[in-house]
Amino acid sequence: MGSCLSSRVLNKSSSGLDDLHLSSCKSSSSATAHKTEGEILSSTTVKSFSFNELKLATRNFRSDSVVGEGGFGCVFRGWLDETTLTPTKSSSGLVIAVKRLNPDGFQGHREWLTEINYLGQLSHPNLVKLIGYCLEDEQRLLVYEFMHKGSLENHLFANGNKDFKPLSWILRIKVALDAAKGLAFLHSDPVKVIYRDIKASNILLDSDFNAKLSDFGLARDGPMGEQSYVSTRVMGTFGYAAPEYVSTGHLNARSDVYSFGVVLLELLCGRQALDHNRPAKEQNLVDWARPYLTSRRKVLLIVDTRLNSQYKPEGAVRLASIAVQCLSFEPKSRPTMDQVVRALVQLQDSVVKPANVDPLKVKDTKKLVGLKTEDKYQRNGLNKKTVGL
C-alpha cells in the first residue's frame, strides 16, 4: 500500500481521539458519531476474516511481506482465492494489502472502525476498495485491494531511492484528476464526507496508475456548504492542513480543498509539502511557492525541473491557477471539488491536445488559461476574482 501510514496528528490528546462539536451558529448532525461498533460492523458489506486466515494469507506476517508501516502498524502483502476469498497456498490469486493495528501504536481502534464505516459502505473507482476486516481478541486488521504502484509520494520524491523515476507530466495530471474525482464523490450528496487527510502518501496508484484515496481513519460525516465543525483536537498533517482548521479548529469540505491544493503544488513543483532538509524559508511548500503564483513568468520558475520539456508552459500555468484558488486563505473563495474536477478535465484535454500558445507572449492572462469570458470562468469552476495568474 506504500508508505500511507505516516503520523498525522497536529494537536493530540492523551486519548488520541479528537472530540468534535458543532459551531454554535450552525447546526448539523454526524451519523457516524452515534453509531456503535456493532452497528458499524453489522451494516458493512465486506467480509469478516479470522486472524488465522490472514495469518495464512500473509505467510505468517513475515518480514519480507511488509510493504509499509506507520502510526497504525504494518501493512503486509497477502494472497486470497479470487472466488472464495480464502488464503491460497502459493503466491497466486488476488493480491491484497493487510493493515495490522499495533495495539500500542499511535492510531487506534476508533480509526480502524472509521475506515470500516466508510470504506465498508462507499464504492467509487477512485477510492481504495476495502475487502474485509478482522476483529479477534486484541487483533484489529483491515484487508484492501493491493495497489501495485504504491503511493503518489513514492513517484514524486526520491527519498534516497537510487532507482527513482519521477512521474511524467501526463501522469501527474491524470493522478490529480483521479484524486479530485474521489474527493468530489466524498463531498457529494448524499455521501457528504470530509476526508480530512488528503496528501501524497494517501493517494495510491494501481498497476495502470489509476489513483485512489486511501486511509479513512480521520474521515468525518459532513457538514457541507457554509456549515462547519469545530474540533477541539485538530488532527491532520502539517503542511497540508488548512490554516483556519489549524488556527481555530473549524472544519468543512473547503478544508479538504485546501489540502488538495497543496497536492497540486507538489505535482507542479516536485517538492514535498514540508521538507526540513531545505533552507528554513523553503521548508513549507505553500509559503515558498505563493510569491511565484502571482504571474505566469514566475510560475514557470518553480515547475519541477525533472520534467524537462514534457509539459507545455500554458499547462503549468493552468495547473498553478487551479492550485492557487484551492489555497485561498478565505475558505469561501475556494472552489468546490466538482469545480476542480471540471477544471482538471479541461487541463487534461489540453495536455492530450495542447494549444499552440506561448504563455510568455500572451498579454491577456485569461486567454492563456483558456478563460475568455465570465461564463467560461464559471464552467471551469474558477472564480474570476481570485485568479492570481
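Cβ from N, Cα, C; glycine included.
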Which of these, Lys35, Lys47, Lys99, does Swiss-Prot list as part of the ATP site with Val67, Gly68, Glu69, Gly70, Gly71, Phe72, Gly73, Cys74, Val75?
Lys99
Cα distance (Å, whole number) from Ser201 (phosphoserine) to Thr237 (phosphothreonine):
11
Would you mind reading off the Cα separation of Val67 (ATP binding site) from Ser201 (phosphoserine), to the nearest angstrom?
13
Since the record lists Glu69, Asp197 as recorded positions, which of them has the fewest other Cβ atoms within 10 Å of its Cβ?
Glu69
For Asp197 (active site, proton acceptor), what is the secondary structure state per DSSP, taken as helix, strand or coil?
coil
Please report how many Å separate the Cα atom of Tyr245 (phosphotyrosine) from that of Tyr144 (phosphotyrosine), as a whole number.
30
Which whole-number value in Å describes the distance between the Cα atoms of Tyr144 (phosphotyrosine) and Val75 (ATP binding site)?
10
